[in-house]
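*Asks:* Got these off TrEMBL a minute ago, pasting:
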- Glu145: active site, proton acceptor (ACT_SITE)
- 151-384: domain 'Radical SAM core' (DOMAIN)
- Cys165, Cys169, Cys172: [4Fe-4S] cluster binding site (BINDING)
- Gly213, Glu214, Ser245, Ser268, Leu269, His270, Asn344: S-adenosyl-L-methionine binding site (BINDING)
- Cys387: active site, S-methylcysteine intermediate (ACT_SITE)
Amino acid sequence: MCDITIKQSNTPACAPTPACAEAHAHTVGAGIATDAATNAANENARAHTNERETPRTNLRRLSHDDLVYQLKLMHLPAFRAKQIEDWLWHYNIGSFDDMTNISKALRAQLAKQFYLYAPRAINKQVSQDGSRKYLLLLEDGISVECVGMPNGDKLSVCVSSQAGCAMGCVFCATGKAGLRRNLFADEIYQQALFIRDDFDGMRISNIVLMGQGEPLTNYTQALRALRLFNNPLGLGIGARHLTLSTCGIIPNIAKFAQEEEQFTLAVSLHSAVQKTRDYLMPGVKKFSLVNLYNMMQTYVQKTKRRPSYEYALIKGVNDTPEELQALCDFCRGTLCHVNLIQLNEIDDSPFKPTSEKRAQEFVRALNACGVEATIRVSRGQDIDAACGQLQQRSCPLNKQKRS
Ligand code: SF4
């Protein structure tokens, strides 16, 4: 869903675009093929051992209930869990020694059973518009990209939900590289904390899961990350300021609609003509536009929330009069907002962006049939941080030493 763009109204959004082996059980469609390799990589990452060869667990992989249970086994009171979680999810510590309100003896006890890992940047690029793109190294040597976009006193953040992506959208750099693995919730969450800290603790106003990957094929971990972002013990960001972007995994849109939080949903549409969409987004070919349309009406009925449709305008492909008519027909009379993006070019791609003039014609036509539409101004284009430009890159560096 990699789109690192921002609305002209200053609301960021994105478009074209993990304790827990469980993360990998929640995949749909094309992502499944690579899960065996993914699981093996993650298993390897988790099975860290101390000097006595006792397997230790990444402390951030424990749910609150799991942590309380583990503390109980250590004859410790439940309130310790909150203290520990504050260090993990608010202060983003990388070492048990940083838990200054916890006794040395308890810290040593924790370090015997658990380890901590904090991702580090192996690359950072700063755009002329102030956006910053980071390549973060995860504990198994996989790297992921994420972007911070400051706007006045607001900081918008775009994070990845997977390393790479299996969806194969033809205009997207991430899609070209394929899927490496799903990310755990803590790995998604820590991207935002890393960005916050790099912006000197600036408050994050909103977060979009629109970097690398299709979050709805990593449902459990993506949802856990959203809940951590939302939790006052975590970043405490209102649910409406947390957006999940999907290319249209219908069964999991249905599931997402049942969640109690008011998270925002963005669907990458990119064409309302079946043939064109199948070509542009082969990963969702099996989900027809008719079924997507019906699902979105059910979503709106159930949640009473307005979804947005992301539409990357590609010259001569999905900006023709027929495509515009089909888009108007798809949206007319429904609760939605259309985010139009002039495609961001990637290397070796035959696809070119639509002109500004044509994009404006789309806005006018949509408005004329009662549909709200906005052209988004892409952020970070000069550092390849814009919509569809994020790439999975391998890193030759060794794993960071864990605490
Ligand atoms: S290939 Fe994946 S990351 Fe790229 S646009 Fe499609 S769903 Fe998004």
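Glycine too: its Cβ is placed from the backbone N, Cα and C atoms.
Quick one: where do these features end up spatially?
*Replies:* Under the DSSP three-state reduction, Glu145 (active site, proton acceptor) is assigned to strand. For Glu145 (active site, proton acceptor), the number of other Cβ atoms no farther than 10 Å from its own Cβ, over all displayed protein chains, is 28.
Around the Cβ of Cys172 ([4Fe-4S] cluster binding site), the number of neighbouring Cβ atoms within 10 Å comes to 32.
When Cβ atoms from all protein chains are considered, those within 10 Å of Ser245 (S-adenosyl-L-methionine binding site) total 29, not counting its own.
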*Asks:* If you measure from the C-alpha of Cys172 ([4Fe-4S] cluster binding site), which of the recorded positions Glu145, Glu214, Ser245, Ser268, His270, Asn344 fall inside 10 Å?
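*Replies:* So far as Cα distances go, the recorded positions lying within 10 Å of Cys172 ([4Fe-4S] cluster binding site) are Asn344.
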*Asks:* Based on a Cβ-to-ligand 1 distance below 6 Å, what subset of the recorded positions Glu145, Cys165, Cys172, Ser245, His270, Asn344 would you report?
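*Replies:* Cys165, Cys172, in sequence order.
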*Asks:* Could you check which of the recorded positions Glu145, Cys165, Cys169 is the closest Cα neighbour of Gly213 (S-adenosyl-L-methionine binding site)?
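*Replies:* Result for Gly213 (S-adenosyl-L-methionine binding site): the nearest of the recorded positions is Cys165.
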